[in-house]
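*Asks:* This is the structure I want to talk about, given as structure tokens.
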2 protein chains.
Amino acid sequence: METYKEWQHAFKLDPNRPIGDDAIEKICESGTDAVIVGGTDGVTLDNTLYLLSRIRQFAVDCALEISNLDAVTPGFDYYFIPTVLNTGDSDWIVGKHHEAVKAFGETINWDEVVVEGYCILNPDAKAAQLTEAQTNLSIDDVSAYAMMAEKMFKLPVFYLEYSGQYGNIDIVKKVRSQLKETKFFYGGGIHHKKQAEEMAQFADTVIVGNAVYDNLKEALRTVRAVKKVKNGD
Amino acid sequence: METYKEWQHAFKLDPNRPIGDDAIEKICESGTDAVIVGGTDGVTLDNTLYLLSRIRQFAVDCALEISNLDAVTPGFDYYFIPTVLNTGDSDWIVGKHHEAVKAFGETINWDEVVVEGYCILNPDAKAAQLTEAQTNLSIDDVSAYAMMAEKMFKLPVFYLEYSGQYGNIDIVKKVRSQLKETKFFYGGGIHHKKQAEEMAQFADTVIVGNAVYDNLKEALRTVRAVKKVKNGD
């Protein structure tokens, strides 16, 4: 129950990007705590199921981060639902969620659902453009979003998403200082173990995505780097 | 602590509407569980403080429902923060909240803060117009908002606001069926004890506002009507 609260490291795989069986095995057997399945575009039921079936051959936790209702399927340990805090478009805060709950609410197992308060900070990221995220934020702006997630909405997760860009460490530190109950997920621009080590000092969970596709060998090293910082071994 | 969860009846007073000392005494000594101070326009620090000081002469719980940051002052038992679920304007969901938390976050006593998931259903209400609430909703629409409040965002309060109009009883029943943990506040159009009795069968807390100004005698009778339904005496 709620093992996601203990995750220190996770890989994020995009159903819309091809990846070999050998790579999936290495990822799932890397010692990472979880594999999150999610992407911004081209996510379909078919490619989600295909990726799920390959990950499920291993014992690692597996979560679906929902971006497209048509691609939702049973079989995941968790269903992560982003609510984007730094957007002016209400669809990405509560609008699409309302459609989904109206259509499927009675069949949802809410124990498996985890709402993530997203703050998207790389203006060039597809997710930022799609959600019209306001990325030109000060440290105080981001800190206030983290406080809203923790204190106002009591969300289980605050996700600082630099998607494709390595984060501003001062912002990361400030977010860390705001979060006690809400788990701090950090994602973006982690390609080497040094970066993973740095972020692991502050985030509860360090999430490695693109690196898997760009340089798997380096990506796999981030697992041990995070574990070393967290557990000292 | 968290006495608002036990409220069965509350009066809502608008700092921008004149009311006599005698009326305030009758309201506060009526047996109601709480007085909520709040309005849509013309709420200032001066008129809020004036109303607060007069209510505070009595022992009843007193909450400020925040509509204007300039009017926020210490001295209330609770600070209710509405987040409007059925609006397309993100300012009323998280935007104004972000400004407030950025400005005052570090000084807020979060134990006194209660976030209300609002669903505003009377299109003619000032609150609906101000927040651009989408009021043309089916039972399933409203039910989904209630489910989001309870299951997705785990909000402490879902506030079905018919402000100035008596609610659709089928919608009220449906909302009741969705809420277990989240408290169900109902407000709108309660002028007589029969209406209060009806809503008390479903809502956790029945809130009486305009009736206080229109016909105080009838408004005061709603307290006993609600208590009778709730406690059988």
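A Cβ is built for glycine as well, from the same backbone N, Cα and C atoms used for every other residue.
Sharing the feature lines straight out of TrEMBL:
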type	residues	note
BINDING	B:K12, B:Y159, B:L160, B:E161, B:Y162, B:S163, B:G164, B:G189, B:G209, B:N210	sn-glycerol 1-phosphate binding site
BINDING	B:D14, B:T40	Mg(2+) binding site
*Asks:* Sorry to bug you, but what's the C-alpha spacing from B:T40 (Mg(2+) binding site) to B:G209 (sn-glycerol 1-phosphate binding site), rounded to the closest Å?
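*Replies:* Their Cα atoms are separated by 12 Å.
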*Asks:* With sn-glycerol 1-phosphate as the bound species and B:K12, B:Y159, B:L160, B:E161, B:Y162, B:S163, B:G164, B:G189, B:G209, B:N210 as its recorded binding residues, calculate the greatest Cα-Cα distance and give it in Å as a whole number.
*Replies:* 17
*Asks:* For the sn-glycerol 1-phosphate site given as B:K12, B:Y159, B:L160, B:E161, B:Y162, B:S163, B:G164, B:G189, B:G209, B:N210, which other residues of the same chain have their Cβ within 8 Å of the site's Cβ centre?
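*Replies:* Once B:K12, B:Y159, B:L160, B:E161, B:Y162, B:S163, B:G164, B:G189, B:G209, B:N210 are set aside, the remaining close residues are B:N122, B:A125, B:Q165, B:Y186, B:G187, B:G188, B:I207.
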*Asks:* Hey, which of the binding-site residues B:D14, B:T40, B:Y162, B:G209 is the loneliest by Cβ count within 10 Å?
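*Replies:* Counting other Cβ atoms within 10 Å of each of the binding-site residues B:D14, B:T40, B:Y162, B:G209 gives the minimum at B:T40.
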*Asks:* If I restrict to non-local contacts, at least six residues apart, and a C-beta distance under 8 angstroms, what lies near B:L160 (sn-glycerol 1-phosphate binding site) in its own chain?
*Replies:* B:C119, B:L121, B:V142, B:A146, B:G167, B:I171, B:V172, B:V175, B:F184, B:F185, B:Y186, B:G187, B:G188, B:A203
*Asks:* Just to confirm: which same-chain residues, 6+ apart in sequence, have a Cβ under 8 Å from the Cβ of B:G164 (sn-glycerol 1-phosphate binding site)?
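*Replies:* Set apart from B:G164 (sn-glycerol 1-phosphate binding site) by at least 6 residues yet with Cβ under 8 Å, we have B:N122, B:D124, B:A125, B:G188, B:G189, B:N210.
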*Asks:* Give me the non-local Cβ neighbours of B:K12 (sn-glycerol 1-phosphate binding site): same chain, 6+ apart in sequence, Cβ-Cβ under 8 Å, ordered along the sequence.
*Replies:* B:V35, B:I36, B:V37, B:G38, B:E65, B:G187, B:I207, B:V208, B:G209, B:V212
*Asks:* Work out the three-state DSSP category of B:L160 (sn-glycerol 1-phosphate binding site).
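*Replies:* Once the DSSP labels are grouped into three classes, B:L160 (sn-glycerol 1-phosphate binding site) ends up as strand.
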*Asks:* Give me the Cα-Cα distance between B:Y162 (sn-glycerol 1-phosphate binding site) and B:T40 (Mg(2+) binding site), rounded to a whole Å.
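*Replies:* On Cα coordinates alone, these residues lie 14 Å apart.
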